[in-house]
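*Asks:* Okay, these came from TrEMBL:
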type     : residues : note
COMPBIAS : 66-75    : compositional bias 'Low complexity'
COMPBIAS : 76-95    : compositional bias 'Basic residues'
COMPBIAS : 99-108   : compositional bias 'Basic and acidic residues'
DOMAIN   : 4-62     : domain 'Tudor'
REGION   : 52-108   : region 'Disordered'
TRANSMEM : 206-228  : transmembrane segment
TRANSMEM : 253-272  : transmembrane segment
TRANSMEM : 293-312  : transmembrane segment
TRANSMEM : 324-343  : transmembrane segment
TRANSMEM : 454-474  : transmembrane segment
TRANSMEM : 480-499  : transmembrane segment
TRANSMEM : 520-541  : transmembrane segment
TRANSMEM : 561-580  : transmembrane segment
Amino acid sequence: MPNRRFADGEMVMGRWPGSVLYYEVQVTSYNDVSHLYTVKYKDGTELELKESDIRSQSSFKHRKSQSSSSSPSRRSSSRSRSRSPGRPAKGRRRSSSQSREHKDDRKKIIQETNIALLVLVLFKPSENNTRRYNGEPESTERNDTSRITLEQKLKPDLETERVLEQYSLRPRKEEKKKEEIYSEKKIFETIKTIEKASSKTKELEFGGRIGTFMLIFFLPATVFYLLLMCKQDDPSLLNFPPPLPALESLWEARAFGVFLLWFFLQALFYLLPIGKVVEGLPLSNGRKLHYRINGFYAFVLTAAAIGTLLYFEFELHYLYDHFMQFAVSAAAFSMGLSIYLYIRSLKAPEEELAPGGNSGYFVYDFFTGHELNPRIGSFDLKYFCELRPGLIGWVVINLAMLLAEMKIHNQSMPSLSMILVNSFQLLYVVDALWNEEAILTTMDITHDGFGFMLAFGDLVWVPFVYSLQAFYLVGHPTAISWPVAAAITILNCIGYYIFRSANSQKNSFRRNPADPKLAYLKFIPTATGKGLLVTGWWGFVRHPNYLGDIIMALAWSLPCGFNHILPYFYVIYFICLLVHREARDEHHCKQKYGLAWERYCQRVPYRIFPYIY
């Protein structure tokens, strides 16, 4: 086994993968099996390099000293001899030689500038760009491709320059200036082309183009199927397909008008100058968007408006009687909104496009969302739809189901099962609105574009699928005892405690890792400057907030009993959704944090369920 040349802690010069550039690095460890050195750059990036890619600092300093000692004397001698009046011929020869040296130096400077600019473009730090280079092999291949493209594009310009030098011994100053300007323009045009190519979405989710095309039709069909099954006397999965209503009965202009009124009422509440204004995370261009945090105020104003309607004896159970028509109206509106969003995204600048929705394929970008933060003035469409119309509408629909149950079954008060479902889900919505600022760090805001997936999810899936338990209980009342209700309540409280405390722990650590209140938390430092918690809830499992979500979802379904599996669709869907999100989070975290994420996974082996998964 060969002996290692460099010791741990030694400062050496390490070659950046895929380039000829060397940077000062520190050796941190050596793998005797793979014979690779783990080195750390000054910005904190950790990479594994071969011994052939590492040089001692003394060799670099020796070359530098030689060049610096010889250059001045030659330049001084050239200047003194060229100015001597007694040697005109030698002066001219020296002047010609000096001109060639000047051109060679200028050519070398241009080449070095090209490489430096390319490195700045390909490796510029961006805290919000999840595809940036962090030492992963996949990113290295992408950067090598971009580097080859630049050399190919600059090669014709260098050939042209050599021809001009050969046949034009003394170009005029104006021509030199034009040459330099032209060369700079070509460099920045090439860089712009590389940036545009590197910003394309390479990895497609949801089955790619075919999968997203099918989901555009499958998601609405699933919603309508669930609502039709809940209306059946026997909502068994064996009774498939359910009797389909007449197509003309699925559309009602009044229901669509009420939906539009609801949407624009929430937009009005969003625009009210109440609540604080905060900054979001930095975008790829370094700019930070501003968001007004007033979701809880919008909820209070909505509650006051609903209370006023009930005071004047408005029949809110109209929602239950025309539930399918409202779902069709919301689906039609979300489709129209998605078309508008895609058309406007075609004119959006490259830096405003979503990292996950810029594949160049129409169907995929339409589904996932092409533009990251579409805005009309200061009105952020994605941020508004994320919490307002659908989430608050979910609570209103649950209340309508409660009133419908009382009217249909001639009850003076709602059933205990209906009270539990309404209370649990009301707590969840109020918590989300009260902690509205935390949504600014989620992938929905920072990574995903606003397209059909989020538009349909926010305006249709959330209010009409998440309220499935309340809708089911209206037609299929289920009686539960007080001890069972108490046990379900305790289960929901456990899930909520895990969910809220885990998210609060993460958000507090992100805002101020040096907070004395968090001194008991241990973390693994990363190359990005952030830390990965390995104690507290985040040292228990990698995604404790998802664990709390699943426990709460189960508590919401248990009041519906066990006669049918339909009320538990939400639990099954939620588990599948969170497993998909967890896999996507794992992929992005591995790209973002590199070796630090691998050490974190060894420290915290379980993803969502302790000792299971």
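Every residue, even glycine, has its Cβ placed from backbone N, Cα and C.
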*Asks:* Of the listed stretches (206-228, 253-272, 293-312, 324-343, 561-580), which one yields the highest count of Cβ-Cβ distances below 8 Å with the transmembrane segment (454-474)?
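*Replies:* Counting Cβ pairs under 8 Å, the winner is 324-343.
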*Asks:* How about the transmembrane segment (324-343) and the transmembrane segment (561-580): at least 3 CB pairs under 8 Å, pairs 6 or more apart in sequence, or not?
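*Replies:* Not in contact, no.
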*Asks:* State the mean pLDDT for the domain 'Tudor' (4-62).
*Replies:* 82
*Asks:* If we skip the immediate neighbours and take only residues 6+ beyond the ends of the transmembrane segment (561-580), which ones have a Cβ under 8 Å from one of its Cβ atoms?
*Replies:* 226, 229-230, 235-237, 417, 465-466, 468-469, 472, 476, 478, 480, 543, 546, 549-550, 553-554, 608
*Asks:* Could you tell me what the rest of the chain brings near the transmembrane segment (253-272), counting residues at least six beyond its ends with Cβ under 8 Å?
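*Replies:* For the transmembrane segment (253-272), the list is 292, 294, 297-298, 301-302, 305, 322, 325-326, 328-330, 332-333, 379, 384, 388-389, 392-393, 459.
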*Asks:* Write out how many residues of the domain 'Tudor' (4-62) are helix, how many strand and how many coil, based on DSSP.
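*Replies:* The domain 'Tudor' (4-62) comes out at 9 helix, 27 strand, 23 coil.
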